[in-house]
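In Swiss-Prot this protein carries:
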type: ACT_SITE; residues: Cys116; note: active site
type: ACT_SITE; residues: His257; note: active site
type: REGION; residues: 258-262; note: region 'ACP-binding'
type: ACT_SITE; residues: Asn287; note: active site
Amino acid sequence: MQQMATGLAVTGCGSAAPETSLDNHGLSQIVDTSDEWIASRTGIRSRHLAGPDDTLAKLGAIAAQNALEMAQVEATDLDLILLATSTPDDLFGSACQIQAAIGAKHAVAFDLTAACSGFVFGMITAAQFIRTGVYRNVLLVGADVLSRWVDWTDRRSCVLFGDGAGAVVLQANDTDRLLGFALHSDGCLHDCLNVQYQGEARPLTGEINVSQGTYQPISMNGKEVYRFAVNRVPEVVEKALFQSDLKTDDIDWLLLHQANQRILDAVAKRLKVPAEKVISNIANYGNTSAATIPLALDATVRKGHIKPGDTIAASGFGAGLSWGAAIFQWQR
């Protein structure tokens with residue numbers, strides 16, 4: 001039976017990060033770098049790293065519980081759990097592990113992989129289920145443990161990444177607080193940023209071989225990714241604003257994927273968004289992929305800076321290459 005269409009609102013957020021952190025001075029003991037070199041080029045001062053006993057599912061579950069508590073929603077009332085990640089504990093996915101950990105026994109759970117764009121892509125996916133009336137309460141988790149796939153001898157990339165998780169609760173609402181969005185992908189640029197599988201032939205019979213191997217560390221063309229981000233992100237934000245019938249001046253907060261402070265500054269400058277409206281916590285977390293947006297959102301909300309009704313322009317961008325933006329109002 002066709003359900004009645006409805007709006008949606010973001011009603012709670014939460015986050016989690018491993019206890020262990022590694023600052024730039026500590027990193028300089030591992031590779032030839034320095035705090036000044038890293039901070040001046042990336043804005044990063046420290047990053048949280050998952051230890052041997054930390055799991056992505058554990059971090060995701062903590063973030064989820066914090067978001068549910070803020071939204072005043074019971075886990076048993078959830079209809080759907082979406083996990084945006086590229087680094088699950090289980091290659092088949094970790095959303096069901098989070099479902100079990102928080103006791104969301106009635107919720108459907110599955111992973112969504114869109115790298116650093118994953119949280120925005122996940123938000124729009126969740127919105128379709130709510131807007132069509134299929135589900136009313138959705139938990140969206142963005143979590144990554146990129147330290148598993150970093151080459152800790154490569155000073156160009158190992159300085160960038162950290163581990164963490166963030167989550168939001170999206171609920172059916174009479175007034176639709178998701179005002180507009182735009183999503184894009186360009187597979188022709190895949191080689192700019194990837195974690196490639198590398199296998200070797202293993203003979204099964206005289207005529208049949210299979211490939212067995214593992215994934216290689218993160219490979220990134222930093223200059224191309226920077227050029228891509230500073231050109232495409234302002235475009236997609238403006239496209240989402242146009243769909244929302246809003247202008248840049250209507251934005252209360254610009255919430256970008258925390259990839260590099262230089263990218264945040266360049267995008268804000270192109271959009272003519274003042275620095276005081278740009279949310280940034282990259283100094284303490286680094287690039288946590290799908291977790292950056294909800295991590296930064298949660299910190300800003302809990303500091304009391306984001307108020308009910310504030311308009312937030314969020315944009316994720318990264319491997320694929322993929323990029324997207326969502327314009328939404330904070331409900332709580």
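Note: Cβ is positioned from N, Cα and C throughout, glycine not excepted.
Shown on the structure are the features that Swiss-Prot records.
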| residue | record | Cβ neighbours (10 Å) |
| --- | --- | --- |
| Cys116 | active site | 32 |
| His257 | active site | 32 |
| Asn287 | active site | 24 |
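Following the DSSP three-state reduction, the secondary structure of His257 (active site) is coil. A distance of 8 Å separates the Cα atom of Asn287 (active site) from that of His257 (active site). For the pair His257 (active site) and Cys116 (active site), the C-alpha distance works out to 7 angstrom.
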